[in-house]
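Written out below as structure tokens is the structure these notes cover.
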Amino acid sequence: MKYEKIQAPKGVSEYAPPLSAAFEWVRESLISPAKLAGYQLMELPVFEDTSLFSRGVGESTDVVSKEMYTFEDRGGRSITLRPEGTAGVMRAVIEKGLDRGQLPVKVWYSGAFFRAERPQAGRFRQFYQVGIEAIGLDDPAIDAEVIAIADQGFKSLGLKNYRLEITSLGDAQSRAAHRVDLLKFISKLDLDEATAARAAINPLRLFDDKRPEMKAAMAGAPLLLDYLSENSAQNFKAVKAYLDQLGIEYLVNPRMVRGLDYYTGTTFEFIHEGLGAQSGIGGGGRYDGLMEILGGQALSGIGFGLGVDRALLAAQAEGVLVENQFSSDLFIIPLGENQMSACLSIAAKLRTAGIRTEIAFGDRALKGAMKAADKSGSRYVIVLGDSELASGSVELKRMSDGSTRSVKIDQLQSVLLGDL
Ligand code: HAM
């Protein structure tokens, strides 16, 4: 009997060698600036009580109304695979009482997220984010720092062709004043039922409508930025001044609408020029009321989520991934069983010094092993035979130009470290 092959579910992103090394590098590069800034790991479940997202992320969003993977577990509870990270972090911070300790609470996370979107290039049903949240401090300096940390992540990948867009959704007073005029404006539009329903929950969503007729209809709509209270305007000005001082370029986009409903105050998005429709490589902002509606104290917070899959696509589009960037430094070919034990010891010692060392395993002829060395992309190769072990010296071959030099086995470490 012949079994049929089983395929991965539609739209999931997954990484196998050789691309997985680049994925790992992108993920680590994106989050390391946060670690350097004192953010600490939060490792959370990938499934949560459904109400965490319906309440926290908002019923008017596509994420909650159309894209959640929700199911009943064996105990009859409604469970949802996390579509984003912020609500879960809030839930855990409240549950563990971190909000009663030193503020701000500063955490980072990394992992898989799930949205039942229509799959296309750069849009997956399971995708990867790294993110941070800074909770419990209302200060424009921390807004600027959070944005700067995200920017540093993209810069450390070597990305250049992206832009940062920012805006402010103001405080409750600003949004209330704007909402009155926006609803007045919208009431004059001829909206279909679904759009009207969305507008009733969150009228700002109409700015996000991609249909040309809606774009045209919204062209003259009142903009929230023009309704900022004195306090919100001062805050936004201070955030911009800090960004200027840090040399971080940005574009103020008063029509930006984030896909999640909890945002207030400073909000931002990073957009890459080389990715087509799915160009958002990261985004975030402040969320004043989130902790409170999840049953915690009235503490504000700010954070971001960066798309690891999209950042990897952006790195490929900009050609910043260098060939053999992730391959071994040294490939050792033992000529026979006698040499294998020496080879294992040499490799173990070099690896403790941080030198990426591979061994040619299996009973291969020298030619086959050299081919494997070539394929591995290793920078250097040595062959270990009887005469090498007897003399204590090997020929260290540099693969980029084929040049060789004689090196004492016990000096391999210092020679390689000097060269790498
Ligand atoms: P978000 O803008 O929904 O924000 O997602 C952040 C990033 O995740 C996006 O910019 C994008 O790069 C990536 N992303 C989102 N959906 C997909 C998908 N279907 N396929 C591939 N990549 C995707 C949030 O999730 C907020 N929790 C960020 C945040 C943290 N705000 C405050 N704190």
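Here, residue 1 is simply the first one shown, and the rest follow in order.
Placed from the backbone N, Cα and C atoms, the Cβ positions cover glycine too.
Taken from TrEMBL as is:
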type	residues	note
BINDING	Glu84, Gly85, Thr86, Arg115, Gln129, Glu133, Arg258, Tyr262, Tyr263	L-histidine binding site
DOMAIN	38-334	domain 'Aminoacyl-transfer RNA synthetases class-II family profile'
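Locations of recorded TrEMBL features on the structure.
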| residue | record | DSSP (3 states) |
| --- | --- | --- |
| Glu84 | L-histidine binding site | coil |
| Gln129 | L-histidine binding site | strand |
| Arg258 | L-histidine binding site | coil |
| Tyr263 | L-histidine binding site | coil |
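Sequence-distant contacts of Tyr263 (L-histidine binding site), defined as residues of its own chain at least six apart whose C-beta falls under 8 angstroms from its C-beta, comprise Leu169, Gly285, Arg286, Tyr287.
Shown in sequence order, Thr267, Glu269, Gly283, Gly285 are the residues of the chain, 6+ apart in sequence, with a C-beta less than 8 angstroms from the C-beta of Arg258 (L-histidine binding site).
Farthest C-alpha pair in the L-histidine-binding residues Glu84, Gly85, Thr86, Arg115, Gln129, Glu133, Arg258, Tyr262, Tyr263: 21 Å apart. Counting Cβ atoms from all protein chains shown, Thr86 (L-histidine binding site) has 27 others lying within 10 Å of its own Cβ. For Glu84 (L-histidine binding site), the same-chain residues 6+ apart in sequence whose C-beta sits under 8 angstroms from its C-beta are Phe53, Val57, Val63, Phe113, Gln129, Leu260, Gly305. Gln129 (L-histidine binding site): 24 other CB atoms within 10 A of its CB, across all protein chains.
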